[in-house]
Amino acid sequence: MAQETNQTPGPMLCSTGCGFYGNPRTNGMCSVCYKEHLQRQQNSGRMSPMGTASGSNSPTSDSASVQRADTSLNNCEGAAGSTSEKSRNVPVAALPVTQQMTEMSISREDKITTPKTEVSEPVVTQPSPSVSQPSTSQSEEKAPELPKPKKNRCFMCRKKVGLTGFDCRCGNLFCGLHRYSDKHNCPYDYKAEAAAKIRKENPVVVAEKIQRI
């Protein structure tokens, strides 16, 4: 019995076609189909050769057969779980391949859509013919003339006064003798200026008219 339980048969599908793995000890059927088969035989009163042999054996043989059925059921469930995990892992393994294909297609589209950059050719500029420069004499003529320093002289006697000269309102410079208006016949009208200044400082005040009621 110990040798039989230690031997693990190769995986094989159930003979009834349910999709689970069968066991040669249960006539090539899975544990569920085998239990249904035994129930049918008990109901119909027909016992298979394996069923009669199991019935003639002691209660210990019945418990051993039940344990075998349970182990076969566990093996079938483990095999089914492994197949489901493999089927789930297949799209996960194939996922990087699809990503690579999509990336390759995107890169090809980018290469097609991106325009070719035009290579800018170096522009060669030819030196323009040298223009004849004007002579130094013309440049000197065009240069602005520096203002001559004004000599401080009296407008009447042409005496050098320097910084001691007097500016008159007529716009001329005079010495100490000719600084007065009666000495150099000043054309400036002092009377008109004084009258305008007086009118500005002393405006005419007119009382408001009385309105009759």
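Note: Cβ is positioned from N, Cα and C throughout, glycine not excepted.
Other C-beta atoms found within 10 angstroms of the C-beta of C14 (Zn(2+) 1 binding site) number 21, with every protein chain shown included. What Swiss-Prot lists as Zn(2+) 1 binding site is C14, C18, C30, C33.
Same-chain residues at least 6 positions away in sequence with a Cβ under 8 Å from that of C157 (Zn(2+) 2 binding site) are, in sequence order, C175, L177, H178. In the three-state DSSP classification, C157 (Zn(2+) 2 binding site) falls within coil. The Zn(2+) 2 binding site annotation in Swiss-Prot covers C154, C157, C175, H178.
For C168 (Zn(2+) 3 binding site), other Cβ atoms within 10 Å of its Cβ number 18. The Zn(2+) 3 binding site annotation in Swiss-Prot covers C168, C170, H184, C186, and the record cites sequence analysis as its basis.
Taken from Swiss-Prot, the feature compositional bias 'Polar residues' applies to 40-75.
Annotation source Swiss-Prot lists compositional bias 'Low complexity' at 120-138.
For 139-148, the entry in Swiss-Prot reads compositional bias 'Basic and acidic residues'.
Assigned with DSSP, the residues of the zinc finger (8-42) fall into helix, strand and coil as follows: 15 helix, 6 strand, 14 coil. Feature annotation from Swiss-Prot assigns zinc finger to 8-42 (among others); the stated evidence is sequence analysis.
Taken from Swiss-Prot, the feature zinc finger applies to 148-194 (among others), supported by sequence analysis. Model confidence over the zinc finger (148-194) is summarised by a mean pLDDT of 84.
For the pair H184 (Zn(2+) 3 binding site) and C154 (Zn(2+) 2 binding site), the C-alpha distance works out to 10 angstrom.
Taking the C-alpha positions, the distance from C33 (Zn(2+) 1 binding site) to C186 (Zn(2+) 3 binding site) comes to 147 Å.
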